[in-house]
Every structure is written in structure tokens, then in C-alpha cells.
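Straight from TrEMBL, the features:
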- 373-409: compositional bias 'Polar residues' (COMPBIAS)
- 790-800: compositional bias 'Acidic residues' (COMPBIAS)
- 41-322: domain 'FERM' (DOMAIN)
- 447-638: domain 'DH' (DOMAIN)
- 667-764: domain 'PH' (DOMAIN)
- 839-936: domain 'PH' (DOMAIN)
- 1-38: region 'Disordered' (REGION)
- 373-425: region 'Disordered' (REGION)
- 778-813: region 'Disordered' (REGION)
Amino acid sequence: MVEPEERPSVAGQRLGAPESMGISTLEPGQRPPTMPPGRQVSIRVQMLDDTQEVFEVSQRAPGKVLFDLVCAHLNLIEGDYFGLEFQDQRKMTVWLDLLKPTLKQIRRPKNTILRFVVKFFPPDHSQLLEELTRYLFALQIKHDLACGRLTCNESSAALLVSHIVQSEIGDFDEVQCKQHLLNNKYIPEQDALMDKIIEYHRKHVGQTPAESDYQLLEIARRLEMYGVRLYPAKDREGTKLSLAVAHSGVLVFQGHTKINAFNWSKVRKLSFKRKRFLIKLRPDLNQSNCQDTLEFMMGSRDCCKVFWKICVEYHAFFRLFEEPKPKPKPVLFTRGSSFRFSETFYAKIYQILNLVKRSPWKNSLLIISNPPSSENTVKSISRSPQHSESPSAGQVMVNGQKQSLSLGQSPDRRQPSPLTSPLLTDAGFVRTDDEDEVRRKRFPTDKAYFIAKELLTTERTYLKDLEVITVSFQKSVGKDEAMPDSLRNLIFANFEPVYKFHETFLNDVEQRLAQWEGRSNAHIKGDYQRVGDVMLKNIQGLKLLTAHLQKHSEALLELERTCRSSRRLEGLCRDFELQKVCYLPLNIFFLRPLHRLMHYKQILERLCKHYPPTHDDFRASRAALADISEMVVQLHGTLIKMENFQKLLELKKDLTGVEDLAIPGREFIRLGCLSKLSGKGLQQRMFFLFNDVLMYTSRGMTASNQFKVNGQLPLYGMTIRESEDEWGVPHSFTLFGQRQSVVVAASSASEMEKWVEDIKMAIELADKCNGSSAEILSSSFTDSKSPEESSADQESEDDLSASRTSLERQTPHRGNTTVHVCWHRNTSVSMVDFSVALENQLSGNLLRKFKNSNGWQKLWVVFTNFSLFFYKTHQDEFPLASLPLLGYSITVPSESENIHKDYVFKLHFKSHVYYFRSESEYSFERWMEVIRSATCSSSHIRSLSRKEPHVY
């Protein structure tokens, strides 16, 4: 038997651990497990650093004894995350059962090598308490990268390898780095990424091995294939797929692309019967006819059992908090597998619960065990808890004596590193009140300063949005023949000059703000507390780029035209939209330069309103406003048309059953939920109102989660009448068309008023056409139903009971679009709302707090397209998460909520509550203003006024 005191482990050497360190820094003095009597057998175990160790175990010893010996050898306390795997006699990779005797599982121990690997991957690596555990996880990531199991894009791969190299050889030295990369292969295509790896490694100077491990895990945990082991399977149609299990539930992959996920909260039962693996789902209250059992075929019964068993273990590890009572065994016969939740997993859960008082496990597990099933469009950013409730948070042992520490302070009174800070969150730190006070005293308080700062923060976001086209999209399409050279030149030759111009503009604004804040000596040489002169100079330069700005709309039209004729290019664009960097629909980025003109105009209007006419900056600001207003008037008509065209293209992706949505002359007006009265009662439907037709759809289980068009009502000749008294349904009205009538009901009186107002306006527009498009509508917009099904009480519901196999998810999942948010939150939005939500973009740092948490997280937040997008910093390439705001209410906290801070606003929808804290009164008012614009729907009156911009 291997004794840990005989020699230090490899991990111990890497971490500088002395031989007398003991088992763990958490529980010193722990001894190796007691060995049962009997003849001993040698078992070889391969560690994560590829070294092999031999352990002596008794023939009768259960697997737990061997596993505990390995953990003792590594000085590992957090062994619950790990396991021993091996190939059995059927050549299948299985996990060592810790309760069964080891030699009953390993038939030929002399010829078998067990591998010590990570078995359970938590969603947040800050749950790992010890540096050793993080080091072992880093070794697992390194192994998964090398064997191709952990796939990612080139940039992520290069960044991961750069952190591995930093941890192994230290600070950057070009010769040493190149030689090390030539001698060690970390990823399959390493040679092609050599320069990028070196470039990233150069930036890690001063980073310790432990910090490199932390950064490695931080990047890896966001990858789709993190911790995923694929098990081959097929769906009912015979399509080859792979199944996997994670902390959140069961996953379905096609190749290395996740096409479906079944959260534990939605899974009622997992079982297998021969080669069939069955997932029984909890009934969906919104869809009574949906299939509740999914079936997958695996290679054999043994394959099914292996996957089913690991699913049970994952569920037990991440979700089980109470030991289920064992069922009585039948006296004569048994049926099915004898595997149950073992006491090993109960022990793991209770170990976790016992660590709650001194570790960050509690909140994390609660989040996993109680996911927000009703808020499936909002992704959680941080699972890191707050530790202020911990009894030991304020005291540490130093030289045997208790000493008190201020929050977030290390024992040596220095600021904590990212590895040891008990307040670590995804945002990186929590700001204290003292820091806020220092900041208020240090920085200017003039409103003009905060207006200038808004210019800076939004310019940073705008430049990142331009990079989506000029860098990411250009790299994605590359030199692919699917994109003609003429189209490539039209797009990038007209975006790159704009991008380069705004790089200089941003640099000017950053320099001026630094001077304004007194961060350089330049403020001594002159008065730099103004920004109008900077804007005037750059807007005059921007006017020279008007020809390029006008070409952007042409580029969008040509891209759409080419995609229609080239499926390959359409596929390239679709794949690019799935990348995290493309956080909005691709065609929205084509409109960003025109929207930015509106932002400049709004900023300058606020600046001129704030300045008195005698202010030094007033004349420059007024001149800049005149110039930008001239550009807005010149390009406003193009913007209105392109916003409508972009919205039609976006809706085209959300709808199925209509041939061509973006026909010339069609204008989008409103979309949203209404209940349609049929023979089965009121049924929720999505309605789409245009200036020529009203479409109603149902949410079907289609390949891309689209809405199926059930009917189309031409507006020419249509009449509308309120019918609440007639049908006894609140907020109902009847639409009388030329071919059929439809009775619908809104969710509230205000929603009904918006719909009735917009439909009446659309009918008037259609009637003014004198029926010229009636024949076109009747011929091109055929009803989706046959004549027998045209009556309202016989509407087909087949699309709702369609088979929910994973084959239907081959195309991109569109479950987080505005249409789906409206569906889930039973609301509606108009074209004016879309325009305002895009034109009222805002960016900046906010502190965020959850309803039941204590600390505040600092995040970079971008508001656009009805959503808040959360980043760690403004330099991040893509958002960590998003929060769609439709349906939310924005208020200020009440006294009873005990939020005793300045400039705090509250977002709430049903039971979901978020608090956000801004840095000044100005930014607080701006965030309240723009968020209200996304949560309060507009009427068509504003739409008409919007088409006639005011000339300055």
C-alpha cells in the first residue's frame, strides 16, 4: 500500500507542498483508509499528469478503499468531483463502483490500468475550495484539449494553451516559449496557432501558476463541450446523435453541436429498456398535446445502463438533498437494474452540506436544485455566493491567534488574489461604500462630465459592434467562394473606413476624459473640461464618410439577395449568428452606423440643453449638433426603410408556412400574443400585423422552434368591432374579413387598446390602396389550412403534437428572440418599440444585486434590442448573459426592501427581482429612461411622427 508520507506527489511538487503537509489544508491529520484483511493485489492507476502509481488493496476491499488511497496519495480533500474509470471486459469505459469489491469489477487487474479523472464538472469553478483541486481540473482540461474532446474556436484554443504554457514555464520568453510549444503538443492544430499562442502568452507576465489555472478554468467552463462525454445514440428516425449529461440535465448533440437540452426540473423519469433510453418529461401546462416521452436507441443494453447510471449519479450529486426511502424488495422475483443511489452519493451530499458554513457551496447548490423554470430566456451569470453570513468570514488564524479582517482582506492585510477572495464573483469584485465615497470625491460631478462619459461608454460598445462586421464576420466568411468578391468589397470596403475613423474618435474621447478627470498633467496646461470641441472636430470628419454610410443599406440588401440564391452563404451567415460574438441578429449590425448618428444627436441635444449660452463649450456643441442633425435628416429615410427591411428579415426566420415575408411595400407594425376563440375555447396565438395582412400563428415543435402560420387575413375591406359583451370574454374584439371572421382577446385593456388602434390604422392604409393589392394577397398569401379546416372551430392543432425528437433541432434554436419573449410573457411590441430600443442604446458599469444576496457585483452592461447584456468588462468579446426586459417593470426600491444606497433602480417580473446601482444621478436617470422605453409599448401615433424628423 502506498503511504503518502513516503514521497511527495507530483501535484504536491507543482504546488510547493512540503512532505509533512498532511491530507489537506482544510482537514490536517487525516489518515489513509483502513484496509480490510485478506491477500493484497496490486492495482495500477494513471494520474492526471500521466504518471502511474501502484496501490496495494485487499481482494475484498470495495472500490472506495482504492479511491481513498488515491486521494490520500494526492493530498486531495475535494475528491468528490473525481472518479476512477477503466475499460471492462466488453471494452466499454465504465466508472469504478465505490461500493462493490474492486476485484469483482476488474477481472484482470494485472492488465488493467485505472485512470483517475474528473467525473463531476461544477458550473462554477469558484466552488472549488483548494488550489490543488483547481490544478487537477486544469490538468483535465489540458488532457481534453489534447485529445480533441474539448472543442472550441481558434481564439479560445490559443488562449487556453497560453495559460497552460504560462503555468508550466512562467513569464514570456520568446525563444523558450517557441521551443516549449515545439516540444509539447496541447491541441491538434497547434502549429497553425503558434503565433496567436505566443501573442497571448506575452500578455500573462506576472501571472502565477495558480492564477493561470484559475484563468484556464474560467475560459473552459464557458465552452459548450466543457465536461461533456459523448455517448453514441440514434433517435427514432435513425439519425446519429450523441447523449451527454451535465450538472443542468441531459444534453443531445449532433457532432459537437448541442441541439437539445432537458433540464432536471423538466425531467420526470429516466429509464432504459433493452437498447432504448427513455426520458419522461413533466407535462407542459401550456401545451396539453405535446409528447412527454423521448426515446433514443443506443448500441446495446449495457451502453444504455452505463449512461443511465451516470445520469443517476449526476442527478444525485447536483440535485439530491434528501435520501429517498428504499422500496421493499420483492420476495421471489426482481426486475430491472439493481443500481440505486448509493450511500456514497448521500455521503457526498452531506459532506457538501457540512461545508456550507465555511465554503461557497450553499448558494451554488440551491441554484442548481431550484432553477428558474419560468424564466427560461434569462441565463444566470454568476453562481458565486456571498459570504457575509459565514461565521468565520471575519476571522482567520494567524500564528495560532484569531485576527479580524475587513471584508475581502487576506491574512497579510493585502488585497486578495482572484484565487483566495471570499467575495469572488464572475464580475471580479464587490465595490465597498468607502470606494464609492472616494470615487465621488475624486471625479468631477458636473452633468457635462457624465454626458461626456456616456459618449465614451457607448462609443466603446459601438466600436465593438463594428468589429463584429469588420473582424469577426470577415474572418468567418474568409475567402469562401460562397461570398462573391463584389459583395465582399461592398461590405468590408464600406465598413472598414468607418471602423478606423471611430477608433481615432474613441481615442480622442478617452484622452479628453482622462484629462477631465485629472489622470494626467495635461489639465494644468489648459481647460479640458468640455467635449463639444472633440465632437465637432470628429463629426466634421464623419460627414466625409456619408457615402460609405449610404452604402451600408445597399450591402444589407445585396447580402440578403445573395443568400437567397446561395445556400452555402446562407449557411455561413446562420453559423456566424450562432457565435457568441454575434449577440444580436447579424443584420442589426449593418444598421449600427445609422443608429449611432441618432445617439450623437441625442447626446449633443442634452449637452446644449445643459450649457448656458455663455459657456465656453456651448458654441462648439451647438455647431456639432447642427452638423449631425443635417446628417440625420439626410439619412433618416434610409434608416426607416432599412429598419423595416431588417425586421421583416428577422421575422422571416421566426415564421414557417409563408413563402416570402419581405415583399416590396410591406411594412411591419406590431407583433404579440392574443387568445383566439375557437371550438376548443381560447387558445394562445402569436399575431403579426403588417400594413396589408394580419397573420396568426401557433408555436410548433419545429426544427428551429419557429411559429407556424395558421391563417392570414388581408386587411383590405376588414372591419373591427369590440365584442366583450357578445362573447363574455374580457378584452375581446372581432375581426371581420372578406373570407372569415376571427374573435380574439387581449391580456389586458391596455394591450387591447394598442391592438385595436394599430389594426384600425393598418386597415385605413390598406383601404387607401383602393384594393389594388387584394388580388395579390388572395393569390400569394394562401391560407395554411384546407377549405374544410377554415372555420374557426376546426383549426388544426397537429403542429402542437408533433414528435419532439432531437432530429427536429438540426437548425439553429431560436428560443430567445423577441417573438419568443413576447410569447412567454404574453405581451406585444410595435415597430416603433423596436426602433426606439435600438436607437436608445446605453452602456456603462452598473452594480447588480439579486433579491436574496448581500453583495453587489460590478458588471459592464449594454442595453439594446429590449435586453440587458452583461459583461465582465467593456473589453470582453461577447456577453456572459442577457436579460430580456419585455414584461419587466422598473421602479425604485421601497423602504421595506432595505436597499439603503443611492441611485438604485429595481427590475421585477413576477418573482424575479434585480437591483442595479449606478454611479451618479445622471446615469441613474438615463438608465431609468432607456429601460422604460423598452418596457412601455408605443402607439402608431408616435410611429407617424417618427417618419418626419425635425430639422435642427
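Even glycines carry a Cβ here, placed using N, Cα and C.
Remember, TrEMBL labels are computer predictions, not curated facts.
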Recorded stretch that, among 41-322, 447-638, 667-764, has the most CB pairs under 8 Å to the domain 'PH' (839-936): 447-638
For the domain 'FERM' (41-322), mean pLDDT (0 to 100): 89
Counts of helix, strand and coil residues, the domain 'PH' (667-764), according to DSSP: 20 helix, 50 strand, 28 coil
For the domain 'PH' (839-936), the number of residues DSSP places in helix, strand and coil: 19 helix, 41 strand, 38 coil
